[in-house]
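What TrEMBL says about this one:
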- 4-351: domain 'Isopropylmalate dehydrogenase-like' (DOMAIN)
- 76-89, 280-292: NAD(+) binding site (BINDING)
- 96, 106, 134, 222: substrate binding site (BINDING)
- 141: site 'Important for catalysis' (SITE)
- 190: site 'Important for catalysis' (SITE)
- 222, 246, 250: Mg(2+) binding site (BINDING)
Ligand code: IPM
Ligand code: MN
């Protein structure tokens, strides 16, 4: 099959890991007989430098004309002192909003060979398999007003605003996902303090009626943060608003041992999606061939599965990543005594070679 994919590498290590997505897609295309037409465009700091805006109309149009979008990461010290509306992060928020990507799926799964890489005890992290469903186009990130006030600008305001419809569609998505998983939803809020959270609870109650086979509970965000460390196995699907989801997903990444392992999908109602690693542009290690490309590569697998329905192709990538880790190869972030430390490019190469081998598919189809 032929698919058109917009690739937005962005800044810092985003540029290095995006290469991983491209190479792995080429390998998948070669092996499974697909043609992936990839077109590149700017976002974030790179776009500010070249197009004087963190997200140009040209990039938005390319994304709209594509079947899916792959994104590296945005941001860096070079652009940190720009006014809020010109920061690289604005480009990321804008593309999410423009494309209507309200559902951010962040799966957290412990890889068997990385159990000892987590700062948490092995007994706590093994068998963890949870999915954070983060609302992505509302809440504090987008509410207006968001500004400085007062004669000396000594007052600042951000607004946490949700409409019932925005909550309904994300909660419904979470229940749908739970239905084909272990049928458990934990809805995370701060209903003891926030009005928006109390409305969120109402929507969860209304939605749950339509999914009688799915068990659900409400949880305060502070308690959820604690339980993610104390007993993460107990979670199946976690659904929450934008800001809480941002924070909890970085926390949950430590279950896998590194933020460099966490992929994500940002989806629209019709299945169109943007796929990006959960990590940022990591300016401290950018350009040093140190970044872990696996979150980006696993995001590419999510694209194949969620937007294109290419399940075997996605499994071939996941299997390849698993095999490379089993062979002891680690990027800098996951290094430990006895591991075979490799750079970003070498890691990409190892995964590509595995994808090209038939073995990977043979074992997933067995
Ligand atoms: C993420 C990132 C972004 C977010 C930033 C870069 C705007 O942290 O995707 O988790 O907060 O959503
Ligand atoms: Mn984040």
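Heads up, the Cβ atoms here are built off N, Cα and C, so glycines get one too.
Structural mapping of features recorded in TrEMBL.
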residue	record	CB count, 10 Å
76	NAD(+) binding site	21
80	NAD(+) binding site	11
106	substrate binding site	24
134	substrate binding site	28
190	site 'Important for catalysis'	18
222	substrate binding site	12
246	Mg(2+) binding site	19
250	Mg(2+) binding site	15
286	NAD(+) binding site	18
290	NAD(+) binding site	18
Neighbour tally for residue 84 (NAD(+) binding site), based on other Cβ positions within 10 Å of its Cβ: 10
Annotated recorded positions 88, 141, 190, 222, 246, 282, filtered by Cβ under 6 Å to ligand 1: 246
Candidate recorded positions 96, 134, 190, 222, 250, pick with smallest Cα gap to residue 290 (NAD(+) binding site): 250
Recorded positions: 141, 282 - member with fewest neighbouring CB atoms within 10 Å: 141
Proximal but sequence-remote residues of the same chain as residue 96 (substrate binding site) (Cβ under 8 Å, at least 6 apart): 136, 137, 266, 274
Rounded Cα separation (Å) that holds between residue 84 (NAD(+) binding site) and residue 141 (site 'Important for catalysis'): 12
76, 80, 88, 250 filtered to the binding-site residues whose C-alpha is within 10 Å of residue 222 (substrate binding site): none
Length of the line joining the Cα atoms of residue 76 (NAD(+) binding site) and residue 250 (Mg(2+) binding site), in Å: 19
Binding-site residues near ligand 2 among 76, 106, 246, 286 (Cβ under 6 Å): 246
From 88, 141, 190, 246, 286: recorded positions whose CA lies within 10 A of residue 134 (substrate binding site): 246
DSSP three-state assignment for residue 222 (substrate binding site): helix
Listed in sequence order, residues not in 222, 246, 250 with Cβ within 8 Å of the centre of the Mg(2+) site Cβ atoms: 221, 225, 243, 244, 245, 247, 248, 249, 251
Alpha-carbon distance [residue 286 (NAD(+) binding site); residue 246 (Mg(2+) binding site)] in Å: 22
Cβ packing number for residue 88 (NAD(+) binding site), 10 Å threshold: 28
